[in-house]
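Quick notes on the structure that follows.
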Amino acid sequence: MANERDKGPARRRFLRDVARSAGGLAGLTLLLGIPQKQSQAREGVALRPPGALSEEAFNRACIRCGQCVQDCPYDTLKLATLLSPVSTGTPYFVARQIPCEMCEDIPCVKACPSGALDSSLTDIDNSRMGLAVLLDHENCLNWQGLRCDVCHRVCPLINKAITLELHRNERTNKHAMFLPTVHSEYCTGCGKCEEACVLEEAAIKVLPLSLAQGKLGKHYRLGWIEKDKAGHSLIPEALTLPTRKPEGGQ
Amino acid sequence: MANAPKNAGHEAQVKYGWWYSHRFLVFRRISQLLILSMYLTGPLIGVWILRGNYSGSMLLDTIPLSDPLMMLQTLASGHLPQVPEQSGWAAWSEWYALIGGVIIALAYALFASRLFCGWVCPLGLVTDFAAWLRRKLGLRSSATIPATLRYGILVAIIIGSAITGTLVWEWVNPVSAFGRGLISGFGHSASSGIITGLVFGFGASIWLIVVVFLFDLLVVEHGWCGHLCPVGALYSAIGCKGVLRISAENRKDCTRCMDCIHICPEPQVLRGPLFGKQDSPLVLSKECISCGRCIDVCSEKVFQIKTRFHRSGVEE
């Protein structure tokens, strides 16, 4: 039986080469196909755990051991896989899914063996995982003059990290709008506001600091601040120039 | 007369029984699974023997252990923690990973070559399965790539990390991806079921494992561990002077049945000690993964475990 079907070494070599090429191509296709799917893998903005060094330094220092993930009591942190929005194996969380609960003892930082999460962070209120930004004024209920305020009320640093600023409602001309406003000196980027936003897609989102914040050039001076610092106006007495009339009169 | 690869170990089994011809395989599987389970007791039942994964972990929450290649990448990329101002072990917490890398390197350097590859690495389960299928299906042919390629890859990773300031290898490292997938997968299985847990744990990284399996099965025999894996290459270099070695002590009894050559994942390491009458019978090659399968499958009891200082058995 076997001998009848076996047509000699050429046939065997052909079958072998076909199998090998198919295997190699399958592997190569998988490898090349993986990055093509990367763009579809975004399920929200990936944020780093509290105390994380800057993204570049974090990627250097993190040894992908997952100890921060295992020590997180709220399952907030995940380890990235090949198609996650951050480097494979590194920890991240997505605020809209499970935000950071801001544990007082910060177990994730304590668990980190490499300094990728800075061990000098001992007060969770000093962490800067990101910055909440009220991205979408057009859909935010408060911006439409309604009273939602959910992001404000769930904020662990209520009235510090998010305040409600009163503005005249120009549509009705007799009501106020209470506009949620984030203050970067207090916002830790925990993401509770984004998780709680009642819209189908959150109007307020926590972005990594590199995305959320602009940067004023070093040479800029704001006159009113300089004036406060100096205690008086920095512009010398206004010059009075003689008025010259075309006809030479004074 | 040489035996067929698929029958490797059959003679020994007939002569001495199943247990004798599979001892080291069983010990090795127990070792691999025991280490994996030491990672899993924490997430599953709350007893933390090893916290973390194969890239880095804490043994009993006191002794740090980490992957030396990971540490080399971290150092090459330019990360070095600050020297703490206070004294005491706790103040050095940002150095645990680096210290753990030194501990692991020293331990494997002393003991035996590539002990990690043979007895610890979880991906070994996948590549062993591919090699077993190859033997059983009679897939002998294989494309040729140089076995030294892994050292090239190792050097490229270190230089690449230094140039880019990132851990270049960790994006695609199937060794750590497999361990990570198993540990976080099973870790989540308690709450979400095994299948969901594993799918979640591996995510897209499962394709790395599939690629390695297909590559080993269809393209190159022992392709991953024997030719490409830079983790194994580093452990070869670290363990090249390891004390425990396999020795072809009774090579005069060898019948050239080739069972050991067929079963060995790095068969070139046996050639000199076994067939070269002028060479020492000690398998001194740094590529030997110290798995002991040659001892299992030899029906003539040629192989024994010796120290590298052992000198008897050299024929005049």
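The backbone N, Cα and C atoms fix where each Cβ goes, glycine too.
Taken from TrEMBL, the feature transmembrane segment applies to B:33-50, B:95-126, B:147-172, B:192-215. Look at TrEMBL and you will find B:244-275, B:279-308 tagged as domain '4Fe-4S ferredoxin-type'.
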- prompt: Taking DSSP states H, G and I as helix and E and B as strand, how many residues of the domain '4Fe-4S ferredoxin-type' (B:279-308) are helix, strand and coil?
  reply: 5 helix, 5 strand, 20 coil
Message: Is it possible to list how many residues within the domain '4Fe-4S ferredoxin-type' (B:244-275) are helical, extended or coil according to DSSP?
response: 16 helix, 4 strand, 12 coil
- prompt: Residues sitting near the transmembrane segment (B:33-50): Cβ under 8 Å, six or more positions beyond its termini, same chain?
  reply: 57-61, 65, 120, 122, 179, 182-184, 186-190
- request: Sort out the residues at least 6 away from either end of the transmembrane segment (B:147-172), same chain, that have Cβ-Cβ distances under 8 Å to it, and list them.
  value: 55, 69-70, 72-74, 76-78, 208, 226-230, 232-234, 268, 287
Mean per-residue pLDDT computed across the domain '4Fe-4S ferredoxin-type' (B:279-308): 86
